[in-house]
Amino acid sequence: MIERIHTSEVDPDADEVAIAGHVHEIRDLGGLVFLIVRDREGLIQVVFKEEREPELFEAVQDAGSEDVVRVVGKPLESDQAPGGVELAPTAYEVLDEADSPLPLEISKDVDVDLSTRLDNRALDLRKPETLAVFSLRSKLMTAMEEWFDEEGFVDIKTPLISKGGAEGGAELFPILYYDRDAFLSQSPQLYKQILMAAGYEAVYETGTAFRAEDFATSRHVSEIAMFDVELAYIEDHDDVMDVQEESLRHAIRAVVENAERELDLLDVDLTVPEEDFPRITFDEALDLLETEFGHFPEDPTDLDTKGEKLLGEHFAEQGHPAFFVVGYPDEKFYYMQDVEGDEIASRKFDLIYEGQELSSGGQREHDVERMVEVMEEEGVEQANFEFYIEALSFGTPPHGGYGLGIDRLVQQVAGLDNIKEAIMFPRDPNRLEP
Ligand code: ATP
Ligand code: MG
């Protein structure tokens, strides 16, 4: 490895240090050149003086924005320098030169629209604020996985290519699989359940799901990072919500504790949701929307975007950034249902975080006969689910789980307007590149 330390690790009392990174900024003041070098952890100022180091001063005249350089130097305390320390160079080396001009400014805080940023994503990813999003994301998801590892969940991988979907046909991406039609996976749901039948008891997957939705919103993308969880021997869906609540709290706490620099760069004041997340029924949610806001969702069996936002504001005012809505009236055959007369309350929940759906989950129907009945009532093509029905028919413990949109979680935690800012190389109906 090339010898170097991070800019954040430079000790003002050290005799000499080596750092390396991109040239963030050059300021030429006659006999004095200030070179600001950027690495993953921050910035450092290197001061080249014509009188003190004439040869290096000569060499740095050719420096250009975004060149990759390595500098050896003596740290000196300095009030004006970012981080309070600068380097007096003793060696300067260019590892690679950057072309100019740059199609996107890295160091200057100029307002660029998201689409231009994404068109030039390779450069946009270099910006300290953009890097902060992905550093935060990495810390968040490491902490999330850590929680499940410690609780004894098995880390699984389910296939991304399948014969059919877990949900509907319209949202599937067809692909050619050798000489057959196949689809990109919409959700690992059916496979997670098969693993419950197989006795794996508790599993999680950090995976990918594809949705061919024709959207133009700030919270949808075509390729989604999904965090999926499934656990067996539950009493009911409350056990699943408990897992979701505790793991989310743990992950957010880890960000508050370990990503101070990132939160600072993003100008986010993040609080850990320490209090119990409220759990309200779907009917209570509708009542609240009607009485508090005079709002009626268009589809009376689901909350709409506006409804989620209004309820989010209502609970935020009471100090709850997250809450569950439980017991939707009309749900998929794989959710267990509580039926009373004509009333159906499925054991499905949504978690709303910062006014936006973050996950859907619930208790599954593990009684295959009952599930097949519901499939028939709903007119679901059973042929598409034979492998699943069969797998569950050989003894399946009560179980439940959820799928959480990782990109949406990062969007909310990092305070981003658009979900695409939370994804390195996002995909939407118009974007396949870079
Ligand atoms: P929505 O109603 O918000 O479109 P959904 O109910 O269709 O979401 P689910 O099938 O419940 O989505 O998927 C579980 C989670 O995956 C969602 O709660 C969300 O966080 C995330 N998710 C689903 N679809 C998308 C998408 N197109 N883009 C980004 N995240 C998504
Ligand atoms: Mg959902």
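The backbone N, Cα and C atoms fix where each Cβ goes, glycine too.
Those TrEMBL annotations? Automatic predictions, nothing curated.
Feature annotations, courtesy of TrEMBL:
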- PRO82: site 'Important for tRNA non-discrimination' (SITE)
- 134-426: domain 'Aminoacyl-transfer RNA synthetases class-II family profile' (DOMAIN)
- GLU167, ARG211, SER360, ARG364: L-aspartate binding site (BINDING)
- 189-192: region 'Aspartate' (REGION)
- ARG211, ALA212, GLU213, ARG219, HIS220, VAL221, GLU357, GLY405, ILE406, ASP407, ARG408: ATP binding site (BINDING)
- GLU357: Mg(2+) 3 binding site (BINDING)
- GLU357, SER360: Mg(2+) 2 binding site (BINDING)
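Features as recorded by TrEMBL, highlighted on the structure.
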residue : record                                       : CB count, 10 Å
PRO82   : site 'Important for tRNA non-discrimination' : 15
ARG211  : L-aspartate binding site                     : 20
GLU213  : ATP binding site                             : 13
HIS220  : ATP binding site                             : 18
GLU357  : ATP binding site                             : 19
SER360  : L-aspartate binding site                     : 20
ARG364  : L-aspartate binding site                     : 29
ILE406  : ATP binding site                             : 22
ARG408  : ATP binding site                             : 23
State the mean pLDDT for the region 'Aspartate' (189-192).
-> 96
Return the maximum Cα to Cα distance in Å (whole number) over the record's ATP-binding residues: ARG211, ALA212, GLU213, ARG219, HIS220, VAL221, GLU357, GLY405, ILE406, ASP407, ARG408.
-> 19
Proximal residue to GLU213 (ATP binding site) among recorded positions PRO82, SER360, ARG364 (C-alpha distance) = SER360
Among PRO82, ARG364, ILE406, the recorded positions whose C-beta sits under 6 Å from ligand 1 = none
Sequence-ordered recorded positions from PRO82, ARG211, HIS220, SER360, ARG364 with Cβ under 6 Å of an atom of ligand 2 | SER360
Give the distance between the Cα atoms of ARG364 (L-aspartate binding site) and ARG408 (ATP binding site), rounded to the nearest whole Å.
-> 24
According to DSSP, folded down to helix, strand and coil, what is ARG364 (L-aspartate binding site)?
-> strand
